[in-house]
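A.B. asks: Questions regarding the structure given below will be posed in turn.
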Amino acid sequence: MSPQTETKTSVGFKAGVKDYKLTYYTPDYETKPTDILAAFRVTPQPGVPPEEAGAAVAAESSTGTWTTVWTDGLTSLDRYKGRCYHIERVFGEKDQYIAYVAYPLDLFEEGSVTNMFTSIVGNVFGFKALRALRLEDLRIPPAYTKTFQGPPHGIQVERDKLNKYGRPLLGCTIKPKLGLSAKNYGRAVYECLRGGLDFTKDDENVNSQPFMRWRDRFLFCAEAIYKSQAETGEIKGHYLNATAGTCEEMLRRACFAKELGVPIIMHDYLTGGFTANTSLAHFCRENGLLLHIHRAMHAVIDRQKNHGIHFRVLAKALRLSGGDHIHAGTVVGKLEGEREITLGFVDLLRDNFVEKDRSRGIYFTQDWVSLPGVLPVASGGIHVWHMPALTDIFGDDSVLQFGGGTLGHPWGNAPGAVANRVALEACVQARNEGLNLAQDGNSIIRQASKWSPELAAACEVWKEIQFNFKSVDTLDLNEIK
């Protein structure tokens with residue numbers, strides 16, 4: 001028995017229940033550069049002080065339990081415990097607080113998003129003392145970031161592989177998402193790629209169903225890729241969804257994609273799980289495959305403002321786990337996404353260093369220490385009239401993905417792709433010439449449509465389509481000030 005242990009046990013064990021705040025609320029604590037920092041939106045039960053609620057979160061997500069235990073004396077709680085070091089009221093919300101918690105790095109397994117999430121959010125969200133709890137942000141310290149591979153390749157390597165620079169990349173999700181035979185599916189892929197798109201995509205729930213087994217889909221899509229490349233002289237790709245019921249089957253599908261020589265595959269990282277995703281990201285790095293990530297199931301976790309996990313946290317977790325693309329909303333389309341919040345986590349995906357900025361929902365300064373960046377994918381209810389806004393909002397390092405906005409063209413799939421490519425090239429040229437895309441966007445599209453009948457037809461079809469709904473997840477009043 002060590003002298004330290006002897007000293008602790010000799011004091012004697014006092015059983016019972018004590019307030020969490022006596023041990024885990026430490027307002028004088030100075031955070032360390034190696035700490036993982038978390039910002040929780042806490043809604044306590046009536047009668048529970050915010051300090052007790054914040055301390056309970058720190059305790060239950062680190063070393064604490066509901067009662068004092070004898071084995072507390074066999075370790076150093078001061079070394080391993082989480083600490084609630086600051087609490088602030090959320091203005092404009094009744095009984096809501098932001099509780100800041102610091103976790104020592106030794107609590108977490110190196111290179112494991114699974115372990116990090118199991119610790120921080122694995123159990124505490126069901127705690128009875130809280131009416132609701134939401135993880136708003138995490139600060140991942142460089143010491144922990146360096147234990148992860150991260151994205152298989154990153155933005156610059158992807159551009160070099162594709163030999164495409166100076167503009168956003170264009171994609172399309174094949175529709176209908178379910179029901180097509182593999183041959184008809186491959187035909188749609190070919191027509192879209194031939195028309196000018198860089199990528200086409202499996203939808204998130206396209207795996208290996210009776211109407212289209214995965215191997216058949218992979219073969220017909222590979223044929224479409226090679227045929228369109230030969231005709232256009234451009235490198236093309238299709239996001240072949242390797243998501244499967246087991247990790248072994250997922251990697252088997254990824255291996256087959258590698259044998260076909262295609263440039264990119266896909267994974268549903270939340271439904272597939274972080275362990276599977278990290279394994280697939282390592283495989284892609286080793287075998288030269290790009291990895292597209294779909295965030296299916298994210299809104300179950302992140303949409304409600306007072307409970308769950310904000311998508312900026314899921315985005316950071318994906319950058320650690322690994323992916324070269326990830327869906328990030330559109331701001332202007334059919335899916336949830338306020339502009340400033342979206343731009344905040346888009347920067348967290350792409351940039352090496354992001355300053356704290358509460359006006360964009362960023363609670364902590366994040367240093368990625370050269371971990372490769374991830375391309376945000378704008379997808380969901382977008383069409384050619386949205387192109388100026390999308391180009392302005394997301395910039396060059398992004399993928400703009402039009403499903404119905406390509407395949408819904410009245411003349412067919414290839415003309416739909418042509419319309420999108422013409423609209424994009426017109427917006428990029430106008431921006432480079434100094435025009436303001438936000439102000440002049442509609443006139444830019446109208447001018448381009450005069451010499452592109454495909455674009456003119458698309459403009460006519462979607463001229464009145466809008467999705468005018470307010471976002472559920474918005475900035476707090478104190479963040480807007």
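Glycine residues also receive a Cβ, built from the backbone N, Cα and C atoms like all the rest.
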A.B. asks: Using only what Swiss-Prot says about substrate binding by Asn123, Thr173, Lys177, His327, Ser379, identify which of Arg295, Arg303, Arg350, Arg358 is listed for that site too.
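C.D. replies: Looking at Arg295, Arg303, Arg350, Arg358, the one Swiss-Prot places in the substrate site next to Asn123, Thr173, Lys177, His327, Ser379 is Arg295.
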A.B. asks: Determine which residues of this chain, when Lys201, Asp203, Glu204 are set aside, have a Cβ within 8 Å of the centroid of the Mg(2+) site's Cβ atoms, and list them as they appear in the sequence.
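C.D. replies: Leaving out the recorded residues gives Thr173, Ile174, Lys177, Asp202, Asn205, Val206, Tyr239, Asn241, Met266, His294.
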A.B. asks: In terms of Cα spacing, which of the recorded positions Asp203, Glu204, His294 are within 10 angstroms of Lys177 (substrate binding site)?
C.D. replies: Asp203, Glu204
A.B. asks: Could you tell me which of these binding-site residues, Asn123, Thr173, Ser379, has the fewest other Cβ atoms within 10 Å of its Cβ?
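C.D. replies: With the binding-site residues Asn123, Thr173, Ser379, fewest surrounding Cβ atoms within 10 Å: Asn123.
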A.B. asks: Just to be sure I understand: of Asn123, Thr173, Arg295, His327, which binding-site residues have a C-alpha no more than 10 angstroms from the C-alpha of Lys201 (N6-carboxylysine)?
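C.D. replies: Of Asn123, Thr173, Arg295, His327, within range: Thr173.
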A.B. asks: Determine, to the nearest whole angstrom, how far the Cα atom of Glu204 (Mg(2+) binding site) is from the Cα atom of Arg295 (substrate binding site).
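C.D. replies: Counting only the Cα atoms, the answer is 8 Å.
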A.B. asks: Which whole-number value in Å describes the distance between the Cα atoms of Thr173 (substrate binding site) and Asp203 (Mg(2+) binding site)?
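C.D. replies: On Cα coordinates alone, these residues lie 6 Å apart.
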A.B. asks: Among the recorded positions Lys175, Lys201, His294, Arg295, His327, whose Cβ has the fewest other Cβ atoms within 10 Å?
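C.D. replies: Result for the recorded positions Lys175, Lys201, His294, Arg295, His327: minimum number of other Cβ atoms within 10 Å at Lys175.
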